[in-house]
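> Input: one structure, supplied below.
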């Protein structure tokens, strides 16, 4: 039986990109009743087995195991998230970036940090500040790209990361996500209004998610992580999603250390010696308080 990947779901139809051929054929499929009986809802991003009645229509037979699953937008098997933040207009926010990084790490998705609008930095001091932040995150182990769609800087180094992967874009509103996409793939120009209406405003104006074929990969046309709450993340697990904290937490004196007031805490020691940046630690404490103060849902 042929296999493929769902790239669009709309009105009970699932549009499957046939991956057994290089033709890029898309087959419109319905789901068998067995899916409803077993309470399985196929998602955009799912790898599926299907049966084709002809070249254009068929039925889904099987949904393969998912590596991850996002709720908003409903999409599965996301390989990476490009976290787009601007160097200026709006101001670069490490707090918001760290929040996105926690959410991405918790969903087992590879993050790529992309700082746009580098051309808007007017002074050497402004540029040095952004470069220092970029170095901080690189030292933690993150991929960081500095780009300017106006000057075309950095785009060519970013594009190869999309090859054969499902990618979502996320980040601040108004940071130029759609401009970045168009700089990478000029053929998307026709879709700019559509993409910017989703990505730019951070509001969902349509009821379906679609994966767009571009840069030899698939990119979601809807922003990832529209909810920025730490739902499902427990206080004792938060440190796992700060890589610089996770790598050192095994050196704490007490198992289960939350790195707040506990004696013999390797994290607080690392902060004092500038091995973990103070702002990262403060964000950890802020997020920890937010999680502890979270009202239980019944």
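Positions of Cβ are set from backbone N, Cα and C atoms, glycine also.
Straight from Swiss-Prot, here's the annotation block:
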DOMAIN    67-228  domain 'CP-type G'
BINDING   116, 117, 118, 119, 171, 172, 173, 174, 175, 176, 177, 178, 179  GTP binding site
BINDING   252, 257, 259, 265  Zn(2+) binding site
> In the same chain, outside 252, 257, 259, 265, whose C-beta lies within 8 angstroms of the Cβ mean position for the Zn(2+) site?
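So the extra residues in range turn out to be 249, 253, 254, 258, 260, 262, 264, 266, 267, 268.
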> For residue 173 (GTP binding site), what is the secondary structure by DSSP, using just helix, strand and coil?
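The three-state answer is coil.
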> Quiz question: given the binding-site residues 118, 175, 252, 257, 265, which has the greatest number of C-beta atoms lying within 10 angstroms of its own C-beta?
175
> Find the one among the binding-site residues 173, 177, 179 whose C-alpha lies closest to that of residue 257 (Zn(2+) binding site).
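Among 173, 177, 179, 173.
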> Considering only the binding-site residues 252, 259, 265, which residue has the minimal Cα-Cα separation from residue 118 (GTP binding site)?
259
> Output the one of 116, 173, 179 that, of all these binding-site residues, has the highest number of other Cβ atoms within 10 Å of its Cβ.
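Of the binding-site residues 116, 173, 179, the highest Cβ count within 10 Å belongs to 116.
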> Going by DSSP, is residue 257 (Zn(2+) binding site) sitting in a helix, a strand, or coil?
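In the DSSP reduction, residue 257 (Zn(2+) binding site) maps to coil.
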> Counting distance between Cα atoms, which of the binding-site residues 116, 171, 173, 177 is nearest residue 265 (Zn(2+) binding site)?
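Spatially nearest to residue 265 (Zn(2+) binding site) by Cα position is 171.
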> Take the C-alpha atoms of residue 116 (GTP binding site) and residue 259 (Zn(2+) binding site) and report the distance between them in angstrom, rounded.
33
> Across all the protein chains here, work out how many other Cβ atoms are within 10 Å of the Cβ of residue 171 (GTP binding site).
28
> Out of 171, 173, 175, 177, 179, which of these binding-site residues is nearest residue 252 (Zn(2+) binding site) by C-alpha distance?
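Closest candidate to residue 252 (Zn(2+) binding site), judged by Cα separation, is 171.
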> Can you give the largest Cα to Cα distance in Å, as a whole number, for the residues 116, 117, 118, 119, 171, 172, 173, 174, 175, 176, 177, 178, 179 that bind GTP in the record?
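Answer in Å: the longest Cα-Cα distance is 19.
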